[in-house]
Amino acid sequence: MLILDVINVNDWVFLTRFCFLTDFGRLDFRFRYPKSRCCQNILLYFDDSSQWPAVYKTPDKDCYQKEAVLRPENNQVINLTTRYTWSGCVGDEDEEVLSCVGGRSFRSVRERWWYIALSKCGGDGLQLEYEMKLTNGQSFWTQHFSADQFGILETNITFLVIFFMVFLLSCYFAYNLKGRQLLHTTYKMFMTAAGLEVLSLLFHCVYWGLYATDGVGTGSLKLLGKFLFSVSFLVFLLMLILLGKGFTVTRARISHSGSVKLSVYMTVYTITYVVLFIYEAEFFDPGEVLYAYDSPAGYGLMGLQLVAYVWFCYAVLVSLKHYPEKQPFYVPFFTTYTLWFFAVPVMALIANFGIPRWAREKIVNGIQLGIHLYAHIVFLVITRPSAANKNFPYHVRTSQIGILLSSPKGEEGGEGFPHHAYGNRSFLGDSQPNFTELFSIQSVSFTFTKYQCQIPGMSPAVKKP
């Protein structure tokens, strides 16, 4: 529902757009303007190339030419005067105003975008206040939604439930990992990304739920949901790059130069996201059906995504070169997330050039959430704390990392982890002896043994435990 005042020196102005169903589209309106400003018209354009695209942003056409493309037999002009019965206009002698109350039904062979404009050709500008209610049927799930938004609320609710289950499962896995001292920073980053995804979907569901009741909603909730969605994506992307470089898998820390490069890259990525938000809010024209990635900032994000993939490939190859025993983790990790890195740019290109505009928003919403869910479930599977998981990445315990970091920089233990039998052996049943932990202690004890010195009067032999 729209309730606005219009005061404009131009004689033709765009008001709003809406995608109506084939048989259930309905416009109910209430217009009110001074009689001295008579007579103004409501113009109803649809998305055919001979109609809206032919008149919008065409400075070479005047008001009369923009009205001429409309078809009178389709009742596309509503003359707001008492002489036109269907306009529902009546005069108010006390206030010298015209009040028009009426409606229109929309029928077409497919879902169409309809664009509503106001005109007074050859006059001294436009002035009126109006209230419009644009609906598709009477169902809670469709009434206030434009046809390109059908299914978004249901899709978001479905993904909210699934992501909440993923987050709960990650908390359960984290509890098990913490008990074995294997809850590393990268897994905490994954949990953060999953939690932010849940909050993002929650805010989106609340927004669309409110929108379903009044056709307006609360814009700040939608903006907050988008912000959390972007932060979740950035945290997950950073986690993938860190894992590719071997952080918490083959090394205890990232080199200084690597940390600087990561900081610069993530700063640039964040700034580009902010620019995209500002561009979408300030420069996207409501008279055109646009997609967020169909902008300079959007193409910049796709370019940064590809740069991240090249970096990811190089990091994984270097990690495998120095730790070939980590192939059971890195091979499926690299393969599955290669698909993820290319999914976002491919989705953006398909959305810009391959999906009809009257179906774009709902399709892109589902695909985007599906891509995020794929990424989270894959990580949950390959890091599950189970003896049957041959892909488990961690083998050094969190209690050992501080010891490894305190080693002299020139030694192997200063930055890289010791080479190790694969980490999932830590998850053998309680009834079986856990030899992996013994090996872990021995590898660390060996580091200290090299620096032991003999005390006078004591045997240099080391007593076995």
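Each Cβ is built from the backbone N, Cα and C atoms, and glycine gets one as well.
For reference, TrEMBL has these:
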type	residues	note
DOMAIN	9-130	domain 'GPR180-like N-terminal'
DOMAIN	159-379	domain 'GPR180/TMEM145 transmembrane'
TRANSMEM	157-177	transmembrane segment
TRANSMEM	189-211	transmembrane segment
TRANSMEM	223-242	transmembrane segment
TRANSMEM	262-279	transmembrane segment
TRANSMEM	299-317	transmembrane segment
TRANSMEM	329-351	transmembrane segment
TRANSMEM	363-382	transmembrane segment
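If you count C-beta pairs under 8 angstroms between the transmembrane segment (299-317) and each of 157-177, 189-211, 262-279, 329-351, the highest count goes to 329-351.
With a cut-off of 8 Å between Cβ atoms, the residues of this chain six or more beyond the transmembrane segment (329-351) that come close are 240, 243-244, 249, 291, 293-294, 298, 302, 305-306, 308-309, 312-313, 316, 319-320, 360, 363-364, 367-368, 371, 374-375, 378, 382, 391-393.
Regional average pLDDT for the domain 'GPR180-like N-terminal' (9-130) in the model is 86. Secondary structure of the domain 'GPR180-like N-terminal' (9-130), assigned with DSSP and counted as helix (H, G, I), strand (E, B) and coil, comes to 19 helix, 55 strand, 48 coil.
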